[in-house]
Amino acid sequence: MFRQWSVQSGPAPRRPESQAASEELWEQEVERLCASRTPVRMLPYAMADKRFIRELREPEGVKTTFWQRWHRPRRVARQHLREAEQRLARGFGLWEGALYEIGGLFGTGIQSYFTFLRFLLLLNLLTMLLTACFVLLPLVWLRPPELGPALKLRLQCSSSPLPQSDIPRFHNPLWNILTGRAFNNTYLFYGAYRAGPESSSEYSIRLAYLLSPMVCLLLCFCGILQRMAEGLPQQTLLGQRYRTPLSAKVFSSWDFCIRVWEAATIKKHEISNELKMELEEGRRVELAQQQTRAQKACRLLTYLRTNILIVLLVVGAISAIFWATKYSQDNKEESLFLVLQYLPPGVISLVNFLGPQLFTVLIQLENYPPGTEVNLTLIWCVVLKLASLGMFSFSLGQTVLCIGRNKTSCESYGYNACDYQCWENSVGEELYKLIIFNFLLTVAFAFLVSLPRRLLVERFSGWFWTWLDREEFLVPKNVLDIVAAQTVTWMGLFYCPLLPLLNSVFLFLTFYIKKYTLLRNSRASPRRFRASSSTFFFHLVLLLGLLLAAVPLAYVISSTHSSWDCGLFTNYSAPWQVVPELVALQLPLPSQRALRYLSSHAFSFPLLILLSIVLTVCISQSRANARAIQGLRKQLVWQVQEKWHLVDDLSRLLPELSPEPGSPHSRASRPRSFCPGFPCPGSPGPRTPRLAPSNRLSSSSLGAPSASVPASRFHFPSRTEL
């Protein structure tokens, strides 16, 4: 390894065998550095050592080839250009500075919520871009025919319910905007899309409208899986019992490039949060190991009691949503119409507001670690939210599509044509009201609850106001809100193609509202958790919401009769029927035969066998990789033990090789570091070997400390130093 030799006095006497062993180690290290293709700038050495390594790789007097001289400046230019692109991308990244500030002040756990919100915004923008490119722009370019008169259907309906056209309308513009009736004849809803008959030469708007939601859901599915897979390799390699040493955090956490006081303050908070999380995790592990059998039995009973109570709360909430939706759709009297319009969204929002609060209190009784507590709260909140949305969809299906009910209008037209002549618009309006109501609640709680609470706590003093304090920023509740809004957006892709645009605007505003609430109106949670322990669950919850949205959409596209009065699929028994028609019109006969074969049982059975084989191979490879990872862990432990043995041998060897106390090579003049060639904490830097007279570097250029100068210690820079 690199050794520092004095150029002012000769070396101390050494034993021949030890000198030969050290020279052999030195020659091996030099050969390794010369043969390595690692760039010099990436090596963990001081600048003087890097210059020496460059001289070893490119000695003077040796001529390089023309290709090397031509390729080197271009390689350096490409590297500089790549770094400039990365800096530019970080500079123009969405909310990079805000995310850095939030992560430093409140920890990576709360920062993960805002990062997740940004990911949802990008998903919505991608969905909107695909819809605009494949549906809206071709529709405007092709100029579909004008809307003709509505079909006059003679419906056999009872006299009690009012048809949709006779439902009282309120001409207040604000109310029409909130309910979505102001946009019934716009491209926001399904009913405004029209197209002529299909032909073999024109672009099919119907096929694009049908496939764009499916493609968007598929792309969102791939993006969520990619984000979920990013954290898996680290968890697999490190394992669940891995803990970063506190010494590594203490000596390597500070960024010495910081020259601004605000950035230094944020960095101090970030390091403090990391150390607090490490100490709290260690304390919880010690307490869990010291529990007796009686304490474990009491804890198990607490788990059972809490989970039974949570299940009862979920069942009651689902029942309330079902009956609220059913009552709202079955009663459309003029006196109650204004209230019943927002009865289902109101009940769902009330459940989603009270549910996380109760779940947080109940799960805290179980005394879980902060990361596990957040994940369990999130799981129960998601079960509540997805079950609520599922029950809401089922109730709408019962009312609109007569699922599980027998009605005369449903037998004739496939849906409840008496009450809903354009049922796609009605479903779209319900989903639109859910999105609007969710955002209005976010604004109301931020400025009508959190802000007055903070002002009252700061204005008055007393035990009550001390107990009340500022609002705690609950990550599970906030994640639940944006996941619910995103699930509703995915459910409405077929009924409201422009709903992702509306949700993108709401997510953009939600980021700044939540940031203001966090920085001004909220207090930091005393139970800190890591982002890596919850980010995976955030995306898992989002994936469950995607599956919940995909199941009703697949049923509607494949098996539900379209409205006779509006939309693109008025003449089709189901929207999917346009696909066989276009296949027969636009594809040649061999392609049609190939598609028939791909959709037949003769192809499905071999495909199933092939997928089974591939799945078996993947599982076998995964198990082999797990065994290899275990072997690498053991090998790493063995290497660490071997290093410690070498350190012990070196500590026994140093007294034998130490010169006289007055010599400049005495042990007192050297720093006590067992990291030769590597920048250890507290050491002045790597040590460089003695060079030939032509390539010799002075000891002053290596930055070798004198005996009177103590080794530098780690400290935070003061404000005057910055």
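Including glycine, each Cβ sits where the backbone N, Cα and C put it.
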ILE403 vs SER534, membrane side identical per Swiss-Prot: yes
Residue carrying phosphoserine as stated in Swiss-Prot, selected out of SER18, SER159, SER409: SER18
ASN184, ASN406 - the residue Swiss-Prot records as N-linked glycosylation site: ASN184
Phosphoserine according to Swiss-Prot, picked from SER36, SER412, SER532, SER673: SER673
In Swiss-Prot, the member of SER525, SER658, SER683 to which phosphoserine is assigned: SER658
Residue from SER199, SER669, SER698 to which Swiss-Prot assigns phosphoserine: SER698
Other CB atoms within 10 A, centred on ASN184 (N-linked glycosylation site): 17
The transmembrane segment (205-225) and the transmembrane segment (537-557) contact flag, 3+ Cβ pairs under 8 angstroms: yes
Cα distance (Å, whole number) from ASN571 (N-linked glycosylation site) to ASN184 (N-linked glycosylation site): 21
DSSP-assigned states of the topological domain 'Cytoplasmic' (226-307) in counts, ordered helix, strand, coil: 63 helix, 0 strand, 19 coil
Sparsest-packed among the glycosylation sites, when each Cβ's other Cβ atoms within 10 Å are tallied, from ASN375, ASN571: ASN571
Other parts of the chain folded back onto the transmembrane segment (119-139), taken as Cβ under 8 Å at six or more residues beyond its ends: 94, 187, 193, 195, 203, 205, 208-209, 211-212, 215-216, 219-220, 223, 227, 482, 486, 489, 493, 497-498, 500-501, 503-504, 507-508, 511, 542
Reported mean pLDDT - the topological domain 'Cytoplasmic' (1-118): 72
